[in-house]
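Notes follow the structure.
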Amino acid sequence: MSDNRINQPILWTQALTKQVNTGDQQLTILQDIELQVNPGEAVAIIGASGSGKSTLLGLLAGLDLPTSGKVHLDTVDIFSLDEDSRAALRGRVLGFVFQSFQLLPALTAIENVMLPLELAATGNAETTARRLLERVGLGQRLHHYPKQLSGGEQQRVAIARAFATDPKLLLADEPTGNLDSATGVQIIDLMFELNREHGTTLVLVTHDEALSRRCARQIRLADGRLVR
Amino acid sequence: MNHFKLSLRMLHRDWRAGELNVLLLALIIAVSGIATVGFFADRVESALARESNQLLGADLLVISSQPLPEQYADEAQRLGLSVSSLTKLASMISNGDSNLLTEIKSVTEGYPLRGRVHLANQSAQASATQAEIREADGIPQLGAIWVDEKAMTRLDLKVGDVVDVGVTQLTVTELVVREPDHSVGFINMGPRAMINAADLEKTGLIQEGSRVAYQLLIAGEPHAVQQFRDWAKPQLTKAQRMEGIRDARPEIKAALERSEKFLSLAALASVVLAAAAIALAVRRFTQRHLDGCAVMRSLGASQRQLFYLYVYYFVALGVIASSIGCLLGFAAQQILTHWLTGLVETELPWPNWLPAVQGLLVGMVLLLGFALPPVLNLRSVPALRVLRRDIGLSNAHSIAGYLLGLAALSLLFIWKAQDLKLGLYIVMGFIAAIAIFGGLGWLLIRLLSSLRHQAGGAWRYGLASIRRRAVSSVLQAVALGLGLMALLVLTLIQDDLIDDWHTSLPPDAPNHFLVNIQADQLQPLQEFFQQHALEPPQMHPMVRGRLIKINGKEVSAEDYADDLHAERHIRREFNLTWADELGSDNQVVQGAWWENGTQKAELSIEEGIAKTIRVKLGDELTYDIAGSHFSAKITSMRKIDWDTFRVNFFVVVPPGLLENYPASYITSFYVPPTEIHRVHELVKAFPNILVVDVATVINQVQQMIQQVSQAIEFVFVFTLLAGFAVLYAAIAATQDERIYEAAIFRALGARREQLSRAWAAEFVILGGLSGLFASAGASALGYVIGKHVLHLNYTFNPWIWAVGVSIGVAGVLIAGLLGTRSALSSPPLLTLRKIG
């Protein structure tokens, strides 16, 4: 990583807009979003249900296409790339933690964590996966299938998977949404610890005000617009 | 990344997790079905061929009017085949003052290579019980002659008598009851005798110009026999020809070829069923892998990576499942063979490996053609699905995928049918069926669901579900319809085929022919039959004439020098007959049969012989009958069903044209084995009449039909199993959706029985639709295949509709309710959590 990059934002958007057609009406979900996230920052995007949080997250990760506007991820204009190049960029730069965990049911815990490493053809995937699972406290459950794990344990596997490729940016979508509050707190603690250890930038999408306050900066979204 | 390793790991994980159950089951049943049919048919076919070769005395004959050069026997021996030779000629045998023109056959060691010569004590003539008949152990010794019953009777011989044969004398040592090649062809109907080849020269019967047939008998491994055939074909001179059983007996040829076609049809039906099952199973597979692919896309997997991942995955799956299928098929076939011991008298030859290769290939083509294309669409699943589960794949992709599978299947059919016509009929039939079923299904589902507001509770929900899952429902109805159609077509044709054989060759099919009956014997002969409580047979007049002119132009054997078969016909005399009505086993294929009472000089000719002597409708044929000329125009061509063993003529004319020419009569009749002594009495009472015993041939053919019918029924079991796989796959295809639906319904307070009634309504509609499709398709396809491929008198069976719809409804309903039982009984919260 060169010096001048360190001072550049890891993620910034330009007039990001998303509209969808519902019959003959056009519905604006996001309107002219201007957003900048610097390396090492922890940013919470908060808003009520239907405010466009998840749509924004999908666009930031290049999982969806905007109606207009740009997203720069690690200095790359992601919508100038084709779908495959965006996938490769995601594999290199991004880590995900989802509300519904999104573990592959046919894979064991360790195999789930190994998956992004194998896709990126990284050597010693198994060692890395094992180390990470031990780090999240699942050293004894490496060969368990998702359905044999509790919700909290599944989310720990998902967090280990998110950090497996040592991403620059971690995107978390309501990571405690499917967990009870005590487990939720533990998961969030774990995520912030790992975030610090790895020096990862964090963008967290939530409707939970308390959770959002754990991030250094909060960005509020209402009716598809940023509210400062 | 090592995609292959990752694919194998994924495959292993999915396998372990039971994700592949439906796909695996469909594939394994299909491949094992095909392999079983393949292995079994292969063995039965070669056993049947070998058994029918007993009628010929060998697997293959090389026949010549000149002594055969050594090279034929040398080459056969070089290929590891057994050989023996035989010389046939007609000559007088004398016992004191009585002389008899007899066909003398001189044989060498080893004769016959297939089948046995059966001998009897002289006393057997009186009672002819089976017990006194025994198999010959070798050939006549030097100085000995074995004679048949006709020679025995007419020359008034007994064992130990000495007869004059040419310039030598031979001692009668045995009475021949049956010999393998006797019944092949009806040319030789006179008395017969057999001597050792080493005595032939001593008789001095072979002179310049004497009519002698030299035969080389060959038998052994089918492959080596074929090799010999291929080698010998270009070596044959005009005077030489080759004959296998198929060349010699049209009725056996027809029966064998039909059963072969039918067995390959049965194998094809299981391919169709497997394709339907796989197409259904793969839908569930892709649904279940959508999330995984979306996650992998979000984790950075490229489309190319996913492409290779699934290609390797399916190739590995195909190889493993097909291998298991082949092994199971081999085992099943071994059990089947063991179970059917006695099905064929001879030991079944070991099957060759070709069916295994076929099974493997079929499995791969099915899987790669039907499963891979829709699965490969997974690579384009939007990664956004990780955030929004409602995003999936468009249906357009899977339809294009199935088209590719269909193309692969068509190629497979044409190859597997080994008959372009049959393959094309089936492919076109199925393509038309898919298009029509699909279109009709769509329309019917729309129509039915528009009626749902008039329907009661359960029906309304059932119709609503079908409408909501319209694409799935149409696909299920089409797949189930196709599967059921394949089963129905097979049942229809199987019944027709077996019925057709049984009616054409009933237990009382004629087993004796009487030839050379004189006009003044007709009345006494009728009386003889009545006296002995035998059904008096129908007499057919027969006038012998040599074909001398076609359209006024003289013909001679030399005109047909390039075709030995045709040349023989021109040299010989034709048997002409007259009749006012068309025989029941005859069918006019060109022109028209004459009107009753016609005075015109018309004639009807068998289409095969017409082709051989190169004549067509409208040609005028002139015959020389006892020195006078008779001319008539060809006004119709007939196809003769040779399976019936009734008296049939190549050439028939209307009554009133030939009555003034010298005629004899011919007939055929059935004599039960217990009444066989009547035949001996008949021979004594009418010494000039020739009796031809075809009981052996009839028995062989009847036995063969019995065996093939049994084999067909057993093979059908596998097709049926494949049908169950389709049913299983169809129910499993919507299982996930149903479990989820059940959870929501139950959470909303629906009682179990309300839910199961709604589903039952859905299954009844689905089953009814597929039954309807299947019946319509089976009637049409059965007609086409029966009529144009197997040449059967296909009868439309109205019951097929009732049967098809009932089986469809009952099958889908039972399987559906059994399959959804677990969805009904699991607690809703558990299900909702699992799915969410």
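The backbone N, Cα and C atoms fix where each Cβ goes, glycine too.
Annotated in TrEMBL:
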type     : residues  : note
TRANSMEM : B:20-41   : transmembrane segment
TRANSMEM : B:262-282 : transmembrane segment
DOMAIN   : B:265-381 : domain 'ABC3 transporter permease C-terminal'
TRANSMEM : B:306-336 : transmembrane segment
TRANSMEM : B:356-378 : transmembrane segment
TRANSMEM : B:399-417 : transmembrane segment
TRANSMEM : B:423-449 : transmembrane segment
TRANSMEM : B:470-493 : transmembrane segment
TRANSMEM : B:711-731 : transmembrane segment
DOMAIN   : B:714-827 : domain 'ABC3 transporter permease C-terminal'
TRANSMEM : B:759-786 : transmembrane segment
TRANSMEM : B:798-818 : transmembrane segment
Dominant neighbour of the transmembrane segment (B:262-282) in B:20-41, B:423-449, B:470-493, by Cβ pairs under 8 Å: B:20-41
Dominant neighbour of the transmembrane segment (B:470-493) in B:20-41, B:306-336, B:356-378, B:423-449, by Cβ pairs under 8 Å: B:423-449
Integer mean pLDDT for the domain 'ABC3 transporter permease C-terminal' (B:265-381): 80
Surrounding residues of the transmembrane segment (B:423-449) on its own chain - C-beta under 8 Å, 6+ positions past either end: 265, 268, 272, 406, 409-410, 413-417, 463-464, 466-467, 470, 473-474, 477-478, 481-482, 485, 765, 769, 773, 777, 780-781, 784-785, 788-789
Secondary structure tally of the domain 'ABC3 transporter permease C-terminal' (B:265-381) (DSSP, helix then strand then coil): 98 helix, 0 strand, 19 coil
